[in-house]
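*Asks:* Input: one structure, supplied below.
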Amino acid sequence: MLARALLLCAAVALSHAANPCCSNPCQNRGVCMTMGFDQYKCDCTRTGFYGENCSTPEFLTRIKLLLKPTPDTVHYILTHFKGVWNIVNSIPFLRNSIMKYVLTSRSHMIDSPPTYNVHYNYKSWEAFSNLSYYTRALPPVADDCPTPMGVKGKKELPDSKDVVEKLLLRRKFIPDPQGTNMMFAFFAQHFTHQFFKTDLKRGPAFTKGLGHGVDLNHIYGETLDRQHKLRLFKDGKMKYQVIDGEVYPPTVKDTQVEMIYPPHIPAHLQFAVGQEVFGLVPGLMMYATIWLREHNRVCDVLKQEHPEWDDEQLFQTSRLILIGETIKIVIEDYVQHLSGYHFKLKFDPELLFNQQFQYQNRIAAEFNTLYHWHPLLPDTFQIDDQQYNYQQFLYNNSILLEHGLTQFVESFTRQIAGRVAGGRNVPPAVQKVAKASIDQSRQMKYQSLNEYRKRFLLKPYESFEELTGEKEMAAELEALYGDIDAVELYPALLVERPRPDAIFGESMVEMGAPFSLKGLMGNPICSPNYWKPSTFGGEVGFKIVNTASIQSLICNNVKGCPFTSFNVPDPQLTKTVTINASASHSRLEDINPTVLLKGRSTEL
């Protein structure tokens, strides 16, 4: 009797331990649902597939799969045949048709309304309605799975410090072959910190950015109280100060706005802006100053056009115009540069007016994680003829005043950024940030890279060498993880083989683009009821939005209208750059990377 009782207890224990959905049996976005303790059922509804595991394509799906080119093939076509694309770009019907396909095919890969969060790996009202969570592209790995990645890989994940040191840490600066510059790097950091605002007091799965999109709270403040402290309440403008004839943000002392500065920073250098962390580096404060000037400039334009408007209407309409400018710059300059396409991307909300499209957005935790592009950062920051290491650069707004915005723009336009994919290019100064990114990913129980590749319609990697494109890091990965299906998302994105002469690998682009375009085009100003001249104060305001570019933003707000773009002016610089090619560890004694982590999100 005792033996039978023990066997029964063992059977019950085993049945409870083995969640049948841990193996991710349901393919092609089928939903796995447990049926008792040891059975599962795949819900294949509207996937285009059927069968026990949603693995058999329906007739129309089979045809689509036969005709559909691979993402790498599409990328090759879009980045070659420049003469053909010049013709396509000059024919509005063709350009509009292709752009519409780009927008719909990408944005339809994002669930809207949102589905999961870190605490709900099944659909629930809480996961839908609670805006304080980041949503999830894939549900978290269940707590009762035998390994951290479900059923694949080792029982314990490798030490995150080992992962960083062996695979991610820079040995020597690797410049980006696409010619990405520091104007791009700081734009990316400034732009994304309006919606990547992790609430670390509650945990990495929570956000303080409740707008979940492009609302410019990094300019105006997340709360009404912060906004009011930053506003002048005259002619719609934001508070400012004039130093040597140039407009800069006001100080913390003058606004009583909470900012993060070390105690030793002089009061006159503690500038106050919408995002509390933007005092961290002068590159962020550069963009904060440019957008402050742009807001007040737009207010002047609207005031002349509408002398009858009060302060509130001037402020609110200027904010909508700046949102429009931001989205246009991001699509037509920022994403255009990242893509490397000869096809010219276009910001035109009307392309989606006859499509099924939801004008809402929820930021996904995975989008936040994949955007940790710390390899962009150089070893030192070159401004005019001076170089600054990290210790000299951090929390040092005096550099901005000393050099001025014109020199900043000219210098950052010339300075090349690092390559993100390919591994071993995270600067030593931010290695603790990279480690924290891995640790937080584990807290959120992300599935493996291959599961995310399947989620975004990519073929899973079959070997470590296929992932990295070389042997040394592939061997390190295998020693750390044991199974290609158990490699973590964040490290994999950074060690992935880059596309030819590109900044990213396939996974980063094919995952990031849907999140990005859905977030941009899902903004309310892109909806039919908003996208009209009256929303922006008439044709004058509408024109500001429709003619915006990174160059016009700089020309309108920086003395001398210095040339700028998101890539270094001379493509040959990517071959010959030596500014940052020194061995990174040679100046480690000058760097205090922990200052980046203390009391704030690792997103920086």
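From the backbone N, Cα and C atoms, a Cβ is placed for every residue, glycine too.
Annotation comment: Swiss-Prot describes C21-C32, C22-C145, C26-C42, C44-C54, C555-C561 as disulfide bond. The N-linked glycosylation site annotation in Swiss-Prot covers N53, N130, N396, N580 and rests on sequence analysis. According to Swiss-Prot, the feature active site, proton acceptor maps to H193, an assignment based on sequence analysis. The heme b binding site feature in Swiss-Prot is assigned to H374; the stated evidence is sequence analysis. Sequence annotations record features per position, and here Swiss-Prot assigns S-nitrosocysteine to C526 based on similarity to another entry.
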*Asks:* At a 10 Å cut-off from the C-beta of C44 (disulfide bond), count the other C-beta atoms across all protein chains.
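*Replies:* Taking every protein chain into account, the count is 22.
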*Asks:* Taking the Cα atoms as reference points, how far is C526 (S-nitrosocysteine) from C54 (disulfide bond) in Å?
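*Replies:* Distance (Cα to Cα, whole Å): 36 Å.
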*Asks:* Any idea what the Cα distance is from the residue listed as 'active site, proton acceptor' over to C44 (disulfide bond), rounded to a whole Å?
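*Replies:* Here the two Cα atoms lie 37 Å apart.
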*Asks:* Including all protein chains displayed, how many Cβ atoms other than that of C555 (disulfide bond) lie within 10 Å of its Cβ?
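*Replies:* Neighbour count, Cβ to Cβ under the 10 Å cut-off: 14.
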*Asks:* Please name which of the recorded positions listed here, C42, C54, N396, C561, is nearest in space to C145 (disulfide bond), Cα against Cα.
*Replies:* C42
*Asks:* Please list, in sequence order, the residues in the chain of C561 (disulfide bond) that are at least six apart in sequence and whose C-beta is under 8 Å away from its C-beta.
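*Replies:* C561 (disulfide bond) has long-range Cβ partners I554, C555.
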*Asks:* May I ask for the distance between C42 (disulfide bond) and N53 (N-linked glycosylation site), taken between their Cα atoms and rounded to an integer number of Å?
*Replies:* 6
*Asks:* Looking at the recorded positions C22, C26, C32, N130, N396, whose Cα is closest in space to that of C54 (disulfide bond)?
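*Replies:* Minimum Cα distance from C54 (disulfide bond) across C22, C26, C32, N130, N396 lands on C26.
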*Asks:* If you compare CA-to-CA distances from C26 (disulfide bond) to each of the recorded positions C44, N53, N396, which comes out shortest?
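*Replies:* Result: the closest of the recorded positions to C26 (disulfide bond) is N53.
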*Asks:* DSSP on C42 (disulfide bond), three-state: which is it?
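*Replies:* C42 (disulfide bond) sits in a strand per DSSP.
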*Asks:* Considering only the recorded positions C21, C22, C44, N53, H374, which residue has the minimal Cα-Cα separation from N396 (N-linked glycosylation site)?
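*Replies:* Going through C21, C22, C44, N53, H374 one by one, the closest to N396 (N-linked glycosylation site) is H374.
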*Asks:* So if I measure Cβ to Cβ from C22 (disulfide bond) and keep only same-chain residues at least 6 apart in sequence, which ones fall under 8 Å?
*Replies:* V141, A142, D144, C145, P146, G150, V151
*Asks:* Neighbour count first, Cβ atoms within 10 Å, every protein chain included; then name which of C145, C526 tops the list of recorded positions.
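*Replies:* Within the set of recorded positions, the most crowded position is C526.
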*Asks:* Calculate the distance in Å between the alpha carbons (Cα) of H374 (heme b binding site) and C32 (disulfide bond), and round it to a whole number.
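*Replies:* Cα-Cα, rounded: 35 Å.
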*Asks:* So among C44, N53, N130, all listed as recorded positions, which is physically nearest to C21 (disulfide bond)? Use the C-alpha atoms.
*Replies:* N53
